[in-house]
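*Asks:* There's a structure below that I have some questions on.
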Amino acid sequence: MALPVYYDKDIDLGVIQSLQVGIIGYGVQGEAQALNLRDSKVKVRIGLYQGSLSVSKAKKEGFEVLGVKELVQQSDVIMALLPDELHKEVLEKEVIPFLKEGQIIGFAHGFSVHFNQVVLPKGVGAILVAPKGPGSALREEYLKNRGLYHLIAIEQESSIHNAKAVALSYAKAMGGGRMGVLETSFKEECESDLFGEQAVLCGGLEAIVRMGFETLIKAGYPEELAYFECVHEVKLVADLLHYKGVEGLRKHISNTAEFGAIKAREPMGNLLEKRMQKILKKIQNGAFAKDFLLEKSLNYPRLNTERKALKETKIEQIGEILRAPFNHKK
């Protein structure tokens, strides 16, 4: 089913320009959104905790910085641009008790709302405005008079403002209307985003890359060649996929590579499909969210162990050497 798509010509920028926006958090995404909004003539303030390392940076870039509670009390639209696992703790203590009927709270990812980490008062709007890319790309594309695709969704209507109109206007102010703003739901955005991260973009890709590298190493091939063939050249293929699609990728590789891809897909396809279905099921039934929130409550033991172990792997050690010339050029 095709999603509704909105462009600049369909959206009233004046809606968000007439409101006071408060952004909680000033990481890469928070900074990019704040800068884009300000350049689109939107009134923006930043909410941070006393002692936050981001306070000086936000002030240096010309933003008024308030405490989170104060920001909530002085804003029409509050964007919670914090890590997913912090939403419950921060919003329950510093945001929800001070919300007034008619205000709108926004999210860049549906995790905390969809998995019931956050329950909002009646009359308070809940919107999703999700740029499809990192904060660095969001800012870079805006400055080039381009934009990223954006997703919007409405979970709860505001008693004063039209939540959809606000979400669309916010997305336009960030440059989303230049590319396209697609309307979905918190559920669909959250589950598809988690699945993409786990099965393909982060988990799946990393697993294939590392297994490919280890397979060649165990078979006696030099680490440098294994790295080039299984890691380094991923960017070339990813760029072709991004700009040309699957068919375009096929047209830009050799017959040998294309035929080899088809032959390799046959034994891998069924196994991958079954594994991916299991991953999706655990996302849909809340098992992944439960595991992740438990990990957070224990202070991330598995993440910390994995991060430490990764530094000692051959793929990282040879990779650091081979990436050095690229990093030096920067």
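Cβ coordinates are placed from backbone N, Cα and C, and glycine is handled just like the others.
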*Asks:* Considering the NADP(+) binding residues TYR26, GLY27, VAL28, GLN29, SER52, SER54 given in Swiss-Prot, which of GLY135, GLY147, GLY175, GLY176 is annotated for that site as well?
*Replies:* GLY135
*Asks:* By a simple count of other Cβ atoms within 10 Å, which of SER54, SER254, the binding-site residues in the record, is least packed?
*Replies:* SER254
*Asks:* May I ask for the distance between GLU229 (Mg(2+) 2 binding site) and SER254 (substrate binding site), taken between their Cα atoms and rounded to an integer number of Å?
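*Replies:* Between the alpha carbons of GLU229 (Mg(2+) 2 binding site) and SER254 (substrate binding site) there are 15 Å.
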*Asks:* By a 10 A CB contact count over all chains shown, which of the binding-site residues listed here is most packed: GLY27, GLY135?
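*Replies:* Ranked by Cβ atoms within 10 Å, first place goes to GLY135.
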*Asks:* Taking only the binding-site residues TYR26, VAL28, GLN29, SER52, which one has a CA atom nearest to the CA atom of ASP193 (Mg(2+) 2 binding site)?
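*Replies:* The answer is GLN29.
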*Asks:* So if I measure Cβ to Cβ from SER52 (NADP(+) binding site) and keep only same-chain residues at least 6 apart in sequence, which ones fall under 8 Å?
*Replies:* TYR26
*Asks:* Spatially, which candidate from the recorded positions HIS109, GLU197, SER254 is nearest to GLY27 (NADP(+) binding site), comparing Cα atoms?
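*Replies:* Result: the closest of the recorded positions to GLY27 (NADP(+) binding site) is HIS109.
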*Asks:* On a C-alpha basis, identify the one among GLN29, SER54, HIS109, GLY135 that is nearest to SER254 (substrate binding site); the candidates are the recorded positions.
*Replies:* GLY135
